[in-house]
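This report refers to the structure that appears directly beneath it.
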């Protein structure tokens, strides 16, 4: 089985593997005594470029049989998890692989069919179909330029570029807005709830990047003596069943790069505005009634949010590469979204902040108001 897998990925392995990883794999296989010194020297010295080295290595290993092929596959996973995921997306030991494999067994136009699928697809994960994947939609709002030039968020354009590319790679059509006042943010969000794709989509992302305070996102006209503030709580209200029944029982992923704190330098800056005012988030609703259907539903369910920092700490952004939060989200999602659900992805993003680049600075993102009742997998590349 392993030998066949190696043969199938030969060309992609040759294209994707890096020279440093190649040398590490050779060392691993030499230590395993799968290869001898002569074979290792042959790979390194008889080939003039990386591609030929990769071809030579994989061809030698294939001749060693199933055991040798499995050893190479295991070492690829250890040395380069991203490469392993790209070469072997249906690997049995990946948590999302079973769901992805069973998804491909269904008819494209249908949601998961119980005849073909394992019971946990209904109980443990949110439903995804070929049709819903093609109907995915996301809202991306980036505030960079403020009326007060001192509030300009340099580096925000990089965050926008990174999030736009990530969402598109996950098959989301992105509705993009720039430099909005609080009133315009409200309008853009309300318009988004009327998007025609929401009926068929399996999920939505809402990403807002701006300055902020606790419970609030600041519009571009914000001034200390004349606030321009959008309540974060409004996002939950607009995407809830009373305002947007099309998203009922579907994951709603909210990412907010905005915080409360103070600036600490020229290269690394804070997404916050100094203020003595404090705004507290209203208590989360617990239940309600949708009159049209005469059945009780939760006012707030199937949400998961990642905020850039805890309420009393700052969120940092580099002027040349954007915020740490967005950088880490892109890195983690690109590496792990093929196997991990959204809750685990956010946990791994938070874990990245344990070792912050500057020991004198600290930032810790916060998962907030999580009401997901199942696991949500993104199925990248399906």
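Backbone N, Cα and C atoms are what each Cβ position is placed from, and that goes for glycine too.
Just so it is clear, the model here is predicted, and its values are computed rather than measured.
For 1-91, the entry in TrEMBL reads domain 'CARD'. Per TrEMBL, domain 'Caspase family p20' is recorded for 134-263. The feature active site is assigned by TrEMBL to 211, 259. Per TrEMBL, the feature domain 'Caspase family p10' maps to 293-380.
Mean pLDDT for the domain 'Caspase family p20' (134-263) in this predicted model: 92.
Secondary structure of the domain 'CARD' (1-91) per DSSP (helix as H, G, I; strand as E, B; remaining residues coil): 70 helix, 0 strand, 21 coil.
Within 10 Å of the C-beta of residue 211 (active site) we count 26 further C-beta atoms, all protein chains included.
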